[in-house]
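J.: Before we start, here is the structure in question, set down as C-alpha coordinates.
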Amino acid sequence: MTDARQAKAFSRVRRSLPIAVGAAIVVLPLGDTAVPVVGLSLSFVAMAVPALLALVVLVRDEAPLPSSLVLLGLSLGVAAGVVSAASGVDPDRSIALVVISLITLGYAFAIAFAHRPGLEVDGVDLLVVVGGVVAMMALASAGSIEAAEAGNVVNGRLTGPFAQPNELGVFCAALLPLAVAATVTAGSRRRTAVLGLSAACLAAACVLSMSRGAWIGCVVGLAALAVLAPATRRALGTVAAALAGTAVLALVLPSSAPLLGVFALRMRSLGDPTQNQYDDRPLIWGEAWRQATEHPWWGIGPGAYQQAASGAVSRVSARPADHPHDLPLTILAERGMIGVGLAVVVVVGCALAARRLMRHGDELVAADRLRRTRGLAVIAGLIAVAIHGTFDMPLRNPIVAGLVWTLLGIAVVVDLTTKQGRSAEPGPRRTLHPLTLGSEPPPC
(Lines of atoms letter the chains of each structure in order from A and count residues from 1; the text may use other names and numbers.)
(Lines give C-alpha, C1' and ligand atoms only; values in the text may rest on other atoms or scores of the structure.)
Protein backbone atom coordinates (compact mmCIF):
# COMPACT_ATOMS: atom_id res chain seq x y z
CA MET A 1 0.00 0.00 0.00
CA THR A 2 1.38 3.44 -0.94
CA ASP A 3 1.90 6.13 1.69
CA ALA A 4 -1.03 8.13 0.29
CA ARG A 5 -3.42 5.16 0.45
CA GLN A 6 -2.19 4.25 3.91
CA ALA A 7 -2.76 7.80 5.14
CA LYS A 8 -6.26 7.74 3.62
CA ALA A 9 -7.04 4.46 5.41
CA PHE A 10 -5.78 5.92 8.68
CA SER A 11 -7.93 9.03 8.33
CA ARG A 12 -10.97 6.86 7.52
CA VAL A 13 -10.55 4.97 10.80
CA ARG A 14 -10.16 8.18 12.75
CA ARG A 15 -13.19 9.78 11.12
CA SER A 16 -15.33 6.77 11.99
CA LEU A 17 -14.45 6.90 15.71
CA PRO A 18 -16.91 9.69 16.67
CA ILE A 19 -19.68 7.90 14.76
CA ALA A 20 -18.93 4.60 16.51
CA VAL A 21 -18.87 6.26 19.94
CA GLY A 22 -22.12 8.08 19.15
CA ALA A 23 -23.74 4.80 18.13
CA ALA A 24 -22.73 3.23 21.46
CA ILE A 25 -24.48 6.11 23.23
CA VAL A 26 -27.61 5.96 21.06
CA VAL A 27 -28.23 2.25 21.79
CA LEU A 28 -28.10 2.75 25.57
CA PRO A 29 -31.92 2.54 26.01
CA LEU A 30 -31.76 -0.99 24.55
CA GLY A 31 -28.34 -1.77 26.00
CA ASP A 32 -29.48 -4.64 28.22
CA THR A 33 -30.79 -6.63 25.23
CA ALA A 34 -28.89 -9.89 24.69
CA VAL A 35 -27.21 -10.23 21.30
CA PRO A 36 -27.56 -13.78 19.90
CA VAL A 37 -24.41 -15.83 19.25
CA VAL A 38 -22.11 -13.16 20.70
CA GLY A 39 -23.21 -13.82 24.28
CA LEU A 40 -22.98 -10.15 25.29
CA SER A 41 -25.51 -7.39 25.85
CA LEU A 42 -26.06 -4.86 23.08
CA SER A 43 -24.35 -2.09 25.04
CA PHE A 44 -21.09 -4.04 25.29
CA VAL A 45 -21.26 -5.09 21.64
CA ALA A 46 -21.75 -1.45 20.64
CA MET A 47 -18.78 -0.39 22.79
CA ALA A 48 -16.64 -3.13 21.26
CA VAL A 49 -16.80 -1.46 17.82
CA PRO A 50 -15.06 1.82 18.82
CA ALA A 51 -12.78 -0.21 21.09
CA LEU A 52 -11.56 -2.22 18.09
CA LEU A 53 -11.13 0.98 16.06
CA ALA A 54 -9.06 2.45 18.89
CA LEU A 55 -6.91 -0.68 18.85
CA VAL A 56 -6.35 -0.19 15.11
CA VAL A 57 -5.27 3.40 15.76
CA LEU A 58 -2.75 2.21 18.35
CA VAL A 59 -1.42 -0.71 16.30
CA ARG A 60 -0.89 1.52 13.27
CA ASP A 61 0.84 4.08 15.48
CA GLU A 62 -1.57 6.69 14.20
CA ALA A 63 -1.76 8.38 17.59
CA PRO A 64 0.38 8.36 20.72
CA LEU A 65 -0.82 6.82 23.96
CA PRO A 66 -2.83 9.49 25.79
CA SER A 67 -0.88 10.90 28.73
CA SER A 68 -3.70 10.79 31.26
CA LEU A 69 -3.56 9.78 34.91
CA VAL A 70 -7.22 8.77 34.70
CA LEU A 71 -6.54 6.45 31.78
CA LEU A 72 -3.41 5.09 33.45
CA GLY A 73 -5.41 4.11 36.53
CA LEU A 74 -8.13 2.51 34.42
CA SER A 75 -5.61 0.58 32.32
CA LEU A 76 -3.65 -0.71 35.30
CA GLY A 77 -6.95 -1.59 36.98
CA VAL A 78 -7.93 -3.82 34.06
CA ALA A 79 -4.46 -5.40 34.04
CA ALA A 80 -4.73 -6.05 37.77
CA GLY A 81 -8.15 -7.60 37.15
CA VAL A 82 -6.49 -10.14 34.85
CA VAL A 83 -4.12 -11.14 37.66
CA SER A 84 -7.01 -11.29 40.15
CA ALA A 85 -8.98 -13.51 37.78
CA ALA A 86 -6.04 -15.88 37.30
CA SER A 87 -5.54 -16.29 41.04
CA GLY A 88 -9.22 -16.05 42.06
CA VAL A 89 -11.80 -18.57 43.19
CA ASP A 90 -14.17 -18.45 40.18
CA PRO A 91 -12.08 -18.11 36.99
CA ASP A 92 -14.99 -18.77 34.60
CA ARG A 93 -17.02 -15.86 35.95
CA SER A 94 -13.95 -13.65 36.31
CA ILE A 95 -12.73 -14.20 32.75
CA ALA A 96 -16.09 -13.09 31.34
CA LEU A 97 -15.90 -9.86 33.34
CA VAL A 98 -12.27 -9.32 32.31
CA VAL A 99 -13.33 -9.50 28.65
CA ILE A 100 -16.00 -6.87 29.34
CA SER A 101 -13.41 -4.74 31.16
CA LEU A 102 -11.12 -4.89 28.12
CA ILE A 103 -14.00 -3.75 25.90
CA THR A 104 -14.91 -0.85 28.16
CA LEU A 105 -11.28 0.21 28.52
CA GLY A 106 -10.90 0.21 24.74
CA TYR A 107 -14.08 2.28 24.58
CA ALA A 108 -12.53 4.87 26.90
CA PHE A 109 -9.47 5.00 24.60
CA ALA A 110 -11.83 5.45 21.64
CA ILE A 111 -13.51 8.46 23.27
CA ALA A 112 -10.11 10.04 23.86
CA PHE A 113 -9.05 9.42 20.25
CA ALA A 114 -12.42 10.53 18.83
CA HIS A 115 -12.49 13.95 20.43
CA ARG A 116 -12.60 16.91 18.05
CA PRO A 117 -13.53 20.58 18.59
CA GLY A 118 -17.28 20.83 19.12
CA LEU A 119 -17.82 17.27 20.31
CA GLU A 120 -17.73 18.44 23.93
CA VAL A 121 -21.03 20.15 23.04
CA ASP A 122 -22.73 17.70 20.70
CA GLY A 123 -21.50 14.60 22.55
CA VAL A 124 -22.76 15.73 25.95
CA ASP A 125 -26.06 16.92 24.44
CA LEU A 126 -26.53 13.52 22.79
CA LEU A 127 -25.80 11.74 26.06
CA VAL A 128 -28.32 13.89 27.96
CA VAL A 129 -31.04 13.43 25.31
CA VAL A 130 -30.53 9.65 25.25
CA GLY A 131 -30.69 9.69 29.04
CA GLY A 132 -33.95 11.61 28.78
CA VAL A 133 -35.32 8.89 26.49
CA VAL A 134 -34.41 6.25 29.07
CA ALA A 135 -36.14 8.31 31.78
CA MET A 136 -39.25 8.69 29.59
CA MET A 137 -39.34 4.92 29.07
CA ALA A 138 -39.29 4.47 32.84
CA LEU A 139 -41.96 7.11 33.46
CA ALA A 140 -44.20 5.58 30.80
CA SER A 141 -44.14 2.27 32.68
CA ALA A 142 -45.11 3.83 36.03
CA GLY A 143 -47.81 2.06 38.00
CA SER A 144 -49.09 2.03 41.56
CA ILE A 145 -46.39 2.75 44.17
CA GLU A 146 -46.98 1.57 47.75
CA ALA A 147 -44.77 1.72 50.85
CA ALA A 148 -44.22 -0.93 53.53
CA GLU A 149 -41.89 -1.43 56.49
CA ALA A 150 -42.08 2.29 57.36
CA GLY A 151 -40.88 3.24 53.89
CA ASN A 152 -37.91 0.87 53.87
CA VAL A 153 -39.73 -1.28 51.30
CA VAL A 154 -41.56 0.26 48.34
CA ASN A 155 -43.54 -1.83 45.88
CA GLY A 156 -44.03 -0.64 42.31
CA ARG A 157 -40.83 1.40 42.08
CA LEU A 158 -39.84 2.56 38.61
CA THR A 159 -37.34 0.37 36.76
CA GLY A 160 -37.74 1.24 33.06
CA PRO A 161 -35.31 -0.76 30.90
CA PHE A 162 -33.29 -1.79 33.96
CA ALA A 163 -33.44 -4.94 36.04
CA GLN A 164 -34.03 -3.10 39.33
CA PRO A 165 -34.81 0.45 40.54
CA ASN A 166 -31.38 1.32 41.93
CA GLU A 167 -29.92 0.96 38.43
CA LEU A 168 -32.41 3.51 37.11
CA GLY A 169 -31.66 5.74 40.08
CA VAL A 170 -27.89 5.86 39.63
CA PHE A 171 -28.30 6.32 35.86
CA CYS A 172 -30.45 9.42 36.39
CA ALA A 173 -28.34 10.74 39.27
CA ALA A 174 -25.16 10.53 37.18
CA LEU A 175 -26.73 12.35 34.23
CA LEU A 176 -28.50 15.16 36.09
CA PRO A 177 -25.35 17.31 36.60
CA LEU A 178 -24.64 17.01 32.86
CA ALA A 179 -28.27 17.80 32.04
CA VAL A 180 -28.19 20.98 34.13
CA ALA A 181 -24.84 22.10 32.69
CA ALA A 182 -25.93 21.32 29.12
CA THR A 183 -29.20 23.22 29.55
CA VAL A 184 -27.46 26.26 31.02
CA THR A 185 -24.84 26.36 28.25
CA ALA A 186 -27.16 25.46 25.34
CA GLY A 187 -26.60 27.70 22.34
CA SER A 188 -30.21 27.97 21.14
CA ARG A 189 -33.77 27.98 22.44
CA ARG A 190 -34.51 24.70 20.72
CA ARG A 191 -31.57 22.97 22.42
CA THR A 192 -32.51 24.55 25.73
CA ALA A 193 -36.06 23.20 25.43
CA VAL A 194 -34.98 19.67 24.47
CA LEU A 195 -32.26 19.49 27.12
CA GLY A 196 -34.53 21.03 29.75
CA LEU A 197 -37.21 18.41 29.02
CA SER A 198 -34.59 15.66 29.32
CA ALA A 199 -33.41 17.10 32.63
CA ALA A 200 -36.98 17.21 33.97
CA CYS A 201 -37.59 13.58 32.95
CA LEU A 202 -34.31 12.48 34.55
CA ALA A 203 -35.21 14.26 37.79
CA ALA A 204 -38.70 12.73 37.89
CA ALA A 205 -37.41 9.23 37.16
CA CYS A 206 -34.71 9.59 39.81
CA VAL A 207 -37.31 10.56 42.42
CA LEU A 208 -39.75 7.80 41.44
CA SER A 209 -37.04 5.15 41.44
CA MET A 210 -37.30 5.58 45.23
CA SER A 211 -33.57 4.81 45.42
CA ARG A 212 -32.25 6.48 48.55
CA GLY A 213 -28.66 5.98 47.45
CA ALA A 214 -29.46 7.66 44.13
CA TRP A 215 -31.14 10.56 45.92
CA ILE A 216 -28.09 11.13 48.10
CA GLY A 217 -25.72 10.72 45.16
CA CYS A 218 -27.79 13.14 43.09
CA VAL A 219 -27.82 15.79 45.82
CA VAL A 220 -24.06 15.49 46.38
CA GLY A 221 -23.38 15.54 42.63
CA LEU A 222 -25.49 18.65 42.08
CA ALA A 223 -23.92 20.32 45.12
CA ALA A 224 -20.49 19.53 43.71
CA LEU A 225 -21.54 21.06 40.39
CA ALA A 226 -22.66 24.23 42.17
CA VAL A 227 -19.28 24.50 43.91
CA LEU A 228 -17.22 23.67 40.83
CA ALA A 229 -19.18 25.56 38.14
CA PRO A 230 -20.61 28.94 39.23
CA ALA A 231 -22.43 29.31 35.89
CA THR A 232 -24.88 26.61 36.96
CA ARG A 233 -25.77 28.04 40.37
CA ARG A 234 -28.85 30.00 39.33
CA ALA A 235 -30.38 26.98 37.61
CA LEU A 236 -29.41 24.73 40.50
CA GLY A 237 -31.02 27.19 42.92
CA THR A 238 -34.30 26.81 41.02
CA VAL A 239 -33.98 23.02 41.09
CA ALA A 240 -33.19 23.06 44.82
CA ALA A 241 -36.19 25.27 45.56
CA ALA A 242 -38.51 22.97 43.61
CA LEU A 243 -37.18 19.85 45.32
CA ALA A 244 -37.29 21.45 48.77
CA GLY A 245 -40.88 22.58 48.20
CA THR A 246 -41.89 19.09 47.09
CA ALA A 247 -40.17 17.53 50.10
CA VAL A 248 -41.83 19.91 52.57
CA LEU A 249 -45.25 19.33 51.01
CA ALA A 250 -44.75 15.57 51.18
CA LEU A 251 -43.74 15.71 54.83
CA VAL A 252 -46.74 17.80 55.94
CA LEU A 253 -49.28 15.67 54.08
CA PRO A 254 -50.58 12.45 55.68
CA SER A 255 -48.65 9.30 54.82
CA SER A 256 -51.76 7.94 53.11
CA ALA A 257 -51.54 10.62 50.39
CA PRO A 258 -50.91 9.10 46.95
CA LEU A 259 -47.29 9.17 45.85
CA LEU A 260 -46.23 12.11 48.05
CA GLY A 261 -47.04 10.04 51.13
CA VAL A 262 -44.81 7.24 49.86
CA PHE A 263 -42.11 9.81 49.08
CA ALA A 264 -42.33 11.15 52.64
CA LEU A 265 -42.09 7.68 54.20
CA ARG A 266 -39.09 6.91 52.01
CA MET A 267 -37.37 10.13 53.10
CA ARG A 268 -38.06 9.42 56.78
CA SER A 269 -36.58 5.93 56.39
CA LEU A 270 -33.21 7.55 55.68
CA GLY A 271 -32.96 8.19 59.42
CA ASP A 272 -33.40 4.52 60.38
CA PRO A 273 -32.79 2.11 57.49
CA THR A 274 -32.46 -0.84 59.93
CA GLN A 275 -36.26 -1.21 60.13
CA ASN A 276 -36.24 -3.32 56.97
CA GLN A 277 -36.17 -6.90 58.22
CA TYR A 278 -35.44 -8.14 54.69
CA ASP A 279 -32.25 -6.11 54.26
CA ASP A 280 -29.28 -8.48 54.48
CA ARG A 281 -26.69 -5.90 53.48
CA PRO A 282 -24.92 -5.74 56.86
CA LEU A 283 -24.25 -9.50 56.60
CA ILE A 284 -23.29 -9.15 52.93
CA TRP A 285 -20.82 -6.38 53.78
CA GLY A 286 -19.37 -8.49 56.58
CA GLU A 287 -18.84 -11.37 54.17
CA ALA A 288 -17.06 -9.06 51.73
CA TRP A 289 -14.72 -7.94 54.51
CA ARG A 290 -14.01 -11.57 55.42
CA GLN A 291 -13.10 -12.34 51.81
CA ALA A 292 -10.87 -9.27 51.65
CA THR A 293 -8.96 -10.29 54.76
CA GLU A 294 -8.35 -13.77 53.33
CA HIS A 295 -7.22 -12.42 49.93
CA PRO A 296 -5.78 -9.00 50.82
CA TRP A 297 -3.62 -8.14 47.81
CA TRP A 298 -5.28 -9.36 44.60
CA GLY A 299 -8.72 -10.29 45.93
CA ILE A 300 -10.92 -13.23 45.01
CA GLY A 301 -11.28 -12.22 41.35
CA PRO A 302 -13.86 -10.12 39.46
CA GLY A 303 -17.41 -11.36 40.00
CA ALA A 304 -16.34 -14.15 42.35
CA TYR A 305 -18.14 -12.87 45.46
CA GLN A 306 -21.09 -15.25 45.15
CA GLN A 307 -18.85 -18.30 44.75
CA ALA A 308 -16.66 -17.29 47.70
CA ALA A 309 -19.75 -16.59 49.82
CA SER A 310 -21.10 -20.11 49.24
CA GLY A 311 -18.54 -21.72 51.54
CA ALA A 312 -19.30 -23.20 54.93
CA VAL A 313 -17.58 -20.35 56.82
CA SER A 314 -19.81 -17.73 55.21
CA ARG A 315 -22.75 -16.33 57.18
CA VAL A 316 -24.69 -15.77 53.94
CA SER A 317 -23.96 -19.14 52.32
CA ALA A 318 -27.65 -20.10 52.26
CA ARG A 319 -28.48 -17.18 49.95
CA PRO A 320 -25.29 -15.48 48.73
CA ALA A 321 -25.64 -12.21 46.85
CA ASP A 322 -24.14 -11.54 43.43
CA HIS A 323 -21.91 -8.77 44.81
CA PRO A 324 -21.29 -6.93 48.11
CA HIS A 325 -23.79 -4.10 47.35
CA ASP A 326 -21.05 -1.55 48.00
CA LEU A 327 -18.57 -0.25 45.41
CA PRO A 328 -15.50 0.18 47.67
CA LEU A 329 -16.10 -3.21 49.31
CA THR A 330 -16.60 -4.83 45.90
CA ILE A 331 -13.25 -3.51 44.70
CA LEU A 332 -11.55 -4.53 47.95
CA ALA A 333 -12.99 -8.05 47.99
CA GLU A 334 -12.65 -8.81 44.28
CA ARG A 335 -9.40 -6.97 43.44
CA GLY A 336 -7.73 -6.50 46.81
CA MET A 337 -5.62 -3.60 48.00
CA ILE A 338 -3.98 -3.37 44.58
CA GLY A 339 -7.36 -2.68 43.00
CA VAL A 340 -8.25 -0.12 45.67
CA GLY A 341 -4.96 1.67 45.10
CA LEU A 342 -5.57 1.87 41.35
CA ALA A 343 -9.12 3.14 41.93
CA VAL A 344 -7.58 5.91 44.03
CA VAL A 345 -5.33 6.77 41.06
CA VAL A 346 -8.44 7.27 38.90
CA VAL A 347 -10.06 9.45 41.57
CA VAL A 348 -6.91 11.55 41.95
CA GLY A 349 -6.69 11.94 38.17
CA CYS A 350 -10.27 13.23 38.01
CA ALA A 351 -9.66 15.57 40.94
CA LEU A 352 -6.51 17.02 39.36
CA ALA A 353 -8.30 17.54 36.04
CA ALA A 354 -11.12 19.37 37.84
CA ARG A 355 -8.59 21.47 39.74
CA ARG A 356 -6.85 22.52 36.53
CA LEU A 357 -10.20 23.48 35.00
CA MET A 358 -11.11 25.57 38.04
CA ARG A 359 -7.74 27.34 38.10
CA HIS A 360 -8.29 28.66 34.57
CA GLY A 361 -11.39 30.50 35.76
CA ASP A 362 -12.20 33.79 34.03
CA GLU A 363 -8.98 33.67 31.99
CA LEU A 364 -10.76 31.45 29.47
CA VAL A 365 -12.39 32.68 26.31
CA ALA A 366 -16.17 32.23 26.07
CA ALA A 367 -16.10 28.95 24.10
CA ASP A 368 -13.75 27.42 26.62
CA ARG A 369 -15.94 28.46 29.55
CA LEU A 370 -18.54 26.20 27.99
CA ARG A 371 -16.02 23.32 27.88
CA ARG A 372 -15.06 24.10 31.45
CA THR A 373 -18.65 23.96 32.71
CA ARG A 374 -19.42 20.73 30.90
CA GLY A 375 -16.12 19.13 31.91
CA LEU A 376 -16.80 19.90 35.56
CA ALA A 377 -20.34 18.51 35.15
CA VAL A 378 -18.83 15.19 34.05
CA ILE A 379 -16.73 15.11 37.22
CA ALA A 380 -19.86 15.92 39.26
CA GLY A 381 -21.69 13.05 37.55
CA LEU A 382 -18.91 10.65 38.51
CA ILE A 383 -19.10 11.96 42.08
CA ALA A 384 -22.81 11.05 42.12
CA VAL A 385 -21.92 7.52 40.96
CA ALA A 386 -19.25 7.17 43.64
CA ILE A 387 -21.60 8.34 46.41
CA HIS A 388 -24.34 5.96 45.27
CA GLY A 389 -21.70 3.22 45.22
CA THR A 390 -21.44 3.38 49.00
CA PHE A 391 -25.05 2.13 49.19
CA ASP A 392 -25.24 -0.30 46.27
CA MET A 393 -23.19 -1.59 43.32
CA PRO A 394 -25.35 -1.60 40.16
CA LEU A 395 -22.45 -0.76 37.83
CA ARG A 396 -22.48 -4.14 36.07
CA ASN A 397 -25.79 -3.44 34.41
CA PRO A 398 -24.90 -2.92 30.71
CA ILE A 399 -26.77 0.39 30.44
CA VAL A 400 -25.24 1.79 33.61
CA ALA A 401 -21.81 0.49 32.60
CA GLY A 402 -22.16 2.15 29.20
CA LEU A 403 -22.98 5.48 30.83
CA VAL A 404 -20.24 5.32 33.47
CA TRP A 405 -17.54 4.36 30.97
CA THR A 406 -18.71 7.16 28.67
CA LEU A 407 -18.28 9.58 31.57
CA LEU A 408 -14.86 8.11 32.34
CA GLY A 409 -13.86 8.49 28.69
CA ILE A 410 -14.95 12.14 28.72
CA ALA A 411 -13.02 12.59 31.99
CA VAL A 412 -9.93 11.35 30.13
CA VAL A 413 -10.55 14.00 27.47
CA VAL A 414 -10.91 16.63 30.21
CA ASP A 415 -7.64 15.45 31.73
CA LEU A 416 -5.85 15.67 28.37
CA THR A 417 -7.26 19.01 27.25
CA THR A 418 -6.53 20.75 30.55
CA LYS A 419 -2.92 19.58 30.37
CA GLN A 420 -2.58 20.89 26.82
CA GLY A 421 -4.29 24.11 27.81
CA ARG A 422 -1.71 25.07 30.44
CA SER A 423 0.48 27.99 29.46
CA ALA A 424 4.04 28.55 30.59
CA GLU A 425 3.64 32.30 30.09
CA PRO A 426 0.93 34.26 31.91
CA GLY A 427 -1.46 36.14 29.63
CA PRO A 428 -4.84 37.81 29.57
CA ARG A 429 -6.64 34.84 27.99
CA ARG A 430 -6.08 31.12 27.75
CA THR A 431 -7.54 28.50 25.49
CA LEU A 432 -8.15 24.84 26.30
CA HIS A 433 -6.88 23.24 23.10
CA PRO A 434 -8.68 20.01 22.16
CA LEU A 435 -6.62 16.88 21.75
CA THR A 436 -5.31 16.70 18.18
CA LEU A 437 -4.24 13.19 17.28
CA GLY A 438 -1.07 12.55 15.38
CA SER A 439 0.24 16.10 15.78
CA GLU A 440 2.02 18.27 18.28
CA PRO A 441 -0.20 20.18 20.73
CA PRO A 442 -0.85 23.73 19.53
CA PRO A 443 0.95 26.56 21.34
CA CYS A 444 -0.87 28.40 24.09
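In case you wondered, yes, glycine gets a Cβ from its N, Cα and C as well.
Note that TrEMBL annotation is computational and uncurated.
These numbers come from a predicted model, not from an experiment.
Relevant sequence annotations retrieved from TrEMBL are reproduced here:
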{"type": "TRANSMEM", "residues": "12-31", "note": "transmembrane segment"}
{"type": "TRANSMEM", "residues": "37-57", "note": "transmembrane segment"}
{"type": "TRANSMEM", "residues": "69-89", "note": "transmembrane segment"}
{"type": "TRANSMEM", "residues": "95-114", "note": "transmembrane segment"}
{"type": "TRANSMEM", "residues": "126-148", "note": "transmembrane segment"}
{"type": "TRANSMEM", "residues": "168-185", "note": "transmembrane segment"}
{"type": "TRANSMEM", "residues": "192-208", "note": "transmembrane segment"}
{"type": "DOMAIN", "residues": "198-342", "note": "domain 'O-antigen ligase-related'"}
{"type": "TRANSMEM", "residues": "214-232", "note": "transmembrane segment"}
{"type": "TRANSMEM", "residues": "239-265", "note": "transmembrane segment"}
{"type": "TRANSMEM", "residues": "336-354", "note": "transmembrane segment"}
{"type": "TRANSMEM", "residues": "375-391", "note": "transmembrane segment"}
{"type": "TRANSMEM", "residues": "397-416", "note": "transmembrane segment"}
{"type": "REGION", "residues": "421-444", "note": "region 'Disordered'"}
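Any idea what these are sitting next to in the structure?
T.: If you look at the transmembrane segment (12-31), the same-chain residues 6 or more away from its ends with a CB under 8 A from one of its CBs are 41-43, 46-47, 49-50, 53-54, 56-57, 60, 62-63, 107, 110-111, 113-114, 116, 119, 123, 126-127, 130-131, 133-134, 137, 161, 398-399, 402-403, 406, 409, 437.
Residues 22, 25-26, 28-29, 154-162, 168, 171-172, 175, 178-179, 182, 194-195, 197-199, 201-202, 204-206, 208-210, 255, 259, 261-262, 265-266, 399, 403, 406 of the same chain lie 6+ residues outside the transmembrane segment (126-148) yet bring a C-beta within less than 8 angstroms of a C-beta in it.
When Cβ-Cβ distances below 8 Å are used as the criterion, the transmembrane segment (168-185) is approached by residues 121, 124-125, 127-128, 131-132, 134-135, 138, 158-160, 162, 192, 195-196, 198-199, 202-203, 205-206, 209-211, 213-215, 217-218, 221-222, 224-225, 229, 231-232, 235-236, 239, 370, 373-374, 376-378, 380-382, 384-385, 388, 392, 394-395, 399-400, 403-404, 407 of the same chain, each at least six residues removed from its ends.
Long-range contacts of the transmembrane segment (192-208) within the same chain, counting only residues at least 6 positions beyond its ends with a Cβ under 8 Å from a Cβ of the stretch, are 125, 128-129, 131-136, 138-139, 142, 145, 157-158, 160, 168-169, 172-173, 175-176, 179-180, 182-183, 186, 214-215, 218, 239, 243, 263.
Long-range contacts of the transmembrane segment (214-232) within its own chain (CB-CB distance under 8 A, at least 6 residues past either end) are made by residues 166, 168-170, 172-174, 176-177, 180-181, 184-185, 206-207, 239-240, 270, 354, 357-358, 369, 372-373, 376-377, 379-381, 383-388, 391.
Within its own chain, the transmembrane segment (336-354) is flanked in space by residues 68-74, 76-77, 80-81, 83-84, 228, 292, 295-299, 328, 375-376, 379, 382, 386, 408, 411, 414-415, 418, which lie at least six positions past its ends and keep a Cβ under 8 Å from the stretch.
The list of residues near the transmembrane segment (397-416) in space but at least 6 beyond its ends in sequence, with Cβ under 8 angstroms from a Cβ of it, reads 21, 24-25, 28-29, 31-32, 41-44, 46-47, 66-71, 74, 100, 104, 107-112, 115, 120, 123-124, 127, 131, 134, 161-163, 167, 170-171, 174-175, 346, 349-350, 352-354, 357, 375, 378-379, 381-382, 385, 435.
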